[in-house]
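Quick notes on the structure that follows.
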Amino acid sequence: MERSDDVLLSNAGMTTNGDINAVMSSSNSSSNNSNTQGNTNSERAANSYSMPGILHYLQHEWNRFEFERQQWELDRAELMTKISFLQGERRGQENLKNNLLRRIKMLELALKQERIKYHKLKFGVDPPPLNTTTSNQNDSKNNQSNDNNDDNDTSTFSISQHPILNKENTASTNAIKQGRQLLKQYLQEIGYTDTIIDVRSARLRALLGKAVANNGQSNDQSNDLLSQSNQLDPLSNLINGNKQLLQLSINNSSNKRASSKTNGNLSSNEVQKILKLTEGESVQNSEENSLSGITGDDKNSSAYYDDEEMSEEDINCKSNGDTDLDTEDALKEFAFLSESSSGSDMESNSDWNVDKAHLSKLTEQYKKDRKMAKNAKMEALVNTSLVNTHRPNRSTLQAMIANLTEQSEDNTNEQNNTNSQTNLNIGNSIKTNDVSPGKNEKIKFNKTNNNNMFFSEDDSFTNESNLGELSRLSVDNSINLSSINDETVVDSSRKTISNKHLLRGHFDSIRCLAFHSTESVLLSGSEDQTIKLWNLDKSTINNKKNSNTDIEPIYTFRKHTGPVLSLLISPSGDYILSSGLDSKIILWNMPNHETTDQYDPYAPSVFVKYLTGHTDAVWNMALVDNTLVSVSADSTIRIWNPFSIDELNEASLTSIGCLNENKTEGIPTSIDFINNEKTRIITSFGATHHNLYDLETSKIITRFDYFDSTLNTHCYKVLSHPSTATMSSSLVVSAHEDKKIRFFDINSGKLVYQMVAHQDACTDIAIDPTCNYLLSSSHDCSIRLWNLETKSCVQEMTSHRKKYDESINCVAFHANKPFIASGGADAIVKIYV
Amino acid sequence: MVKQDSYDGEFDELNNVKSLLFIRRNRPGCSAKKWNDWPDEDLEEMESTLAVQQYIQQLIKRNPNDVETILQLPDQQDEGVWKYEHVRQFCLDLNLITVRLQQECTPTTCTQMTATEQWIFLCAAHKNPKECSAIDYTRHTLDGAACLLNSSRYFPSRVNLKDSSVQKLGSVCRRIYRIFSHAYFHHRPIYDHFEKETSLCKRFTKFVTKYDLMTSDSLIVPIDEETNDLCSSNTESDKNEQISSIQENNLEKTQIENENSYHKPSDESEA
């Protein structure tokens, strides 16, 4: 019994199925294992087993086996698919490799022919046979590890070492400049400019985003094909890859085999993606071309060409559409080239037998497309290095492309020199393309990006965030490309604004700002009843020393007994005029901004006098020469002569004229002189209309109606915009509560244009000294820069926080320095440069 | 009664809706009377990051003399921010009395910053302690406070404050209080007029007492409810005053040291 109990126990342990167990135990306590049943205790066993129990058990066992068998089959099928998948992939790779090899051969041949032809043209004789032999050697030696060095040697020399070539470059650049100019004119005549730019900038933006995404994806794939879900940070991968790349380029002989393994992993899928990428790049490139051409900035375009001096013979841009396509084609080839070279690294022994007919055909085609291809060569350089970032084994290719770009004669005598030069070159180009593929594109665009900002309405903010990197990278670029055009940078600094300083010093909302006409001096008036004087020069110096240093005001004006609402600095810079909710206008002496410190003894002489007359808040003032006009909530417009000598001596001053004394027009909100002439003023009246007054006769000349009963058209600010070269007639521009900026014709008084400029009330506008740009601020916490000609938003900056429903109250341009200031309800003044 | 209540409730709701719809802006052309003229809003309803400042200003506008309400810390309000915003508001409001003091308190009339006769305060705004005239002391103190309270080093944010920064408020309070004391003892008409209008000194005294930012014996300006204390502070013995004045000077010197380190941000010992 003991024994059989043991057996039962072991039996229970062996059978995994509960049902069986139940059957066994229920039938008899002394039951046995089914296997030993018949032989050992036959009698008892016969008693202990019931027919249904056995059947059940057998059925179960069969099920189990069947189940396992199915699983095995499944596994097998899975593995089979895997095998076939990998086999197919391998086949695809091989096909691709063959294709690429063919292409690289073709291109090499073409290059050789080009060189011969070039030599013929230049020296009138056939090139020395050494040339051919060397390149032949190259072909045959391609499998050797040092072949890339040889390759460099044969074809590289630097421009700086060959003045003749340099001359040619400049000549061709000039010719291109002229052509570019012509093209630009045509385009302008067609009126094609704006649309093209818009479309292109949109496309560019899309591509920028897409390309980066693609990069990340393909990189992931190369790392681990089967586990795509593997969430590797593509950027860090790329950076690692780049490091490797750099190393490789420095020690040009390297472990190619290891890296070629990485190549082997590439799926055809990835190659397609890379192709896509390069296409994208080519489109961008041509956009770059067209942009620089169309924006009409000579400097820009010349800068562009200066940069491209490296690719010597250069671009022959027929039309934008053509270039698009051609560049794309050429680029495809280059992309293939890069692929094939990687292939050559991988399996150098494999077929170099090239289909001759196909090759010659392709070569002809290549010749045809030669000019376009050259256009794209710089591009290709960047492209290839972009591709490199995926697979860090492409130093050879890099060298080849660098050679192509330089398109130089063979000069075996200089082999040693040029060899080192090439290496340097490679290093440089890698530097440029270092860090991430996204940045690769950015580098290319660091000049055009500035232009793009002009045309990008929505993405300007992201552009701006890129600017930091860009500015840093442009330094790199200037090292690589010998001739960067500084003027581009200067030019763009005017147009791309970025936050530079925070002026914290007020306790409450900033209401008004005024720049000194010549010095880097700013005045800010606040609801905390003070006016503060800031010296931005001083602060810049301090900032360089210690970025943590706050900019402190150099003087605080305390005389107002309410919020300060309006500020002016006299053209000479000697006087300050301020007005406030306390219905006072105060004339101040400007303290010396170089010597004054806020902790100096109090000088009562800073205060000159009150201008008395208004009985309610004075909201706005305007000054021309000696004539001051002011608008107040008491509905009057008063005219003053604040600086006349005999009146300076008086303790206070009364106005010399008053308009709208009978309040028939409503309450004036803002005022400006027309074209800075003291004869005419424009005044906005609340939500209804502007009036154009003749100051000599005190009569209304024109009335500008803008009232709309469905909207709150309350006018915050009205400005006169003088006629410029681009705009024949003078305009009146006004900012309104209903988010709109309105433009009126000064003569007819008719509304010529209105635009929804912001997402909330438009609070202030300022016109830049060149009268080409308009700056607007809004309670939606943003300031926007507008191109007045096209009425398109050039840049948007979000800044300042809300207090109540107000956020930004005022903006200002410096008259001759690249300063922009905005004052917010958060008591902070921001300076943009 | 029940009906009445429900009606009131509806009315309140209506008011709430109104206050939500109201756009709180001072548009150009608005008169001084209509400045900030909008329905009150609860602190919780204020979405702005500057809600505390808005709330304090709203309470002051409603009734500047209702000091208790103004100083009542709202539920769930961070005390540091509350104190900071109040000190900002004090400095802001002190601008007004400074404007008035400028008219009669000149370097010739008040050559030294004094309150009671024996106490001379040195201006801590300078690298080396200076015996500035009263008006200079006032201006420098306010300017210095403005810089400190707006310093990106100590107060980079107005929403989250470091405890070490909140401790700075004590010295700011001690210094700006001397403006009250000087005005009270030397320019009484201006002070009285100003105090009647704004109750600023009263608010300030209650504030520093409530949050223990100043010792009670240094609060020498009497406020309404404590008129009797005036006598006691005046009847202190000469000896005591001299000692306290010396102490005050010593204290001031230590403050000056503190200030110096503020003026040299490279000195990180304090941070």
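Every residue, even glycine, has its Cβ placed from backbone N, Cα and C.
Copied over from TrEMBL, here are the features:
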- B:CYS105, B:CYS110, B:HIS182, B:HIS187: Zn(2+) binding site (BINDING)
- B:231-271: region 'Disordered' (REGION)
- B:250-271: compositional bias 'Basic and acidic residues' (COMPBIAS)
All chains considered, the count of other Cβ atoms within 10 Å of the Cβ of B:HIS187 (Zn(2+) binding site) is 21
All chains considered, the count of other Cβ atoms within 10 Å of the Cβ of B:HIS182 (Zn(2+) binding site) is 25
In terms of DSSP three-state secondary structure, what is the assignment for B:HIS182 (Zn(2+) binding site)?
helix
List the residues in the vicinity of the Zn(2+) site, defined as same-chain residues other than B:CYS105, B:CYS110, B:HIS182, B:HIS187 with C-beta within 8 angstroms of the site's C-beta centre.
B:LEU101, B:GLU104, B:THR109, B:ALA134, B:ILE135, B:THR138, B:ALA183, B:HIS186
Looking only at DSSP and grouping its letters into three states, which state does B:CYS110 (Zn(2+) binding site) belong to?
coil
